[in-house]
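J.: The structure that follows is given in the form of structure tokens.
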Amino acid sequence: MACSYLGPCFLLICSLLAPFVSGSQIQRTSLPIISFDEGYTQLFGDDNLVMYRDGKRVHLSLDERTGSGFVSQDLYLHGYFSASIKLPADYTAGVVVAFYMSNGDIFEKNHDEIDFEFLGNIRGKDWRIQTNIYGNGSTSAGREERYSLWFDPSDDFHQYSILWTNSQIIFYVDNIPIREVKRTESMGADFPSKPMSLYATIWDGSDWATNGGKYRVNYKYAPYVAEFSDLVLHGCAVDPVEQFPRCDNTESSQAIPTGVTPVQRIKMESFRAKFMTYSYCYDRVRYRAPPSECVINTKEADRLKSYDPVTFGGGRRHHGKRHHRSPSSHAEVISI
């Protein structure tokens, strides 16, 4: 969002959105961008995966026949993984675009996973992002969070990144951290700790993705196309047989974030206070007490509780004169 002088009201709006600028204005990582063939191979989808001539940009599509996806050629134990993604536009209910790490093909009963999932919506409603982690097959202990965004992710490319170390996992949107998971002793094997591959997929999630399955994929709007560019795979590649990491210690490793800086933490807290719509840490229906890795923020707690007092407050939902607007409303950002 480029701010110019159009009056005091416009300047106020710009100042409120200052921490959240468009992807084109975000400083890109200085880590090397690789071509598709250097780091990835097609997972499924036949000709629903199309590579551009430069070899550094691909698109995945979903139609009546199939979705599509690709996967990294190597397994990795920790690192920084990133892609710029442009999501499908218009009616996208039921559509799921995923950018994630997993080892489910190797460890079927005790797999690890680190997820970015983009959930489509009906026309006029925004895409939503869901993040999640699993460790050692801990799928019964959901650690989901969901957010709206300060931009339309179908208008342009935006950068989505995962930092995974032995002690923390950080999710980024346009280099702004939106979630930080610090490993605690009580998490044990629930913290992802085994080598994983990086995946990108688009598929039909009609049974759950939009309002719990109320709105399904409508193939009259197909093909649904997600575009990927600026692919970064920077981590410790692991031999799939010997499980021995081959870490890259080149100078570019200095560009990998080591954690959340004080400035980034301010931006992260601002993002979460304005755009987070669900967090397992505050779900009093699922957890009587927050899991050990949760860091409770009163602003987050109060906002979620006002939105859904049953889930986040343990109280009863009130149906009266007071009306709670959806946290995904862009107008809410301007009025704060």
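For all residues, glycine too, the Cβ spot is worked out from N, Cα and C.
What TrEMBL records for this protein is below:
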- GLU113: active site, nucleophile (ACT_SITE)
- 315-327: compositional bias 'Basic residues' (COMPBIAS)
- 24-228: domain 'GH16' (DOMAIN)
- 307-336: region 'Disordered' (REGION)
- 1-23: signal peptide (SIGNAL)
J.: The domain 'GH16' (24-228): mean pLDDT?
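T.: In the predicted model, the domain 'GH16' (24-228) has a mean pLDDT of 94.
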J.: Give the number of CB atoms, excluding that of the residue listed as 'active site, nucleophile' itself, located within 10 Å of its CB.
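T.: Cβ-Cβ neighbours of the residue listed as 'active site, nucleophile' within 10 Å number 19.
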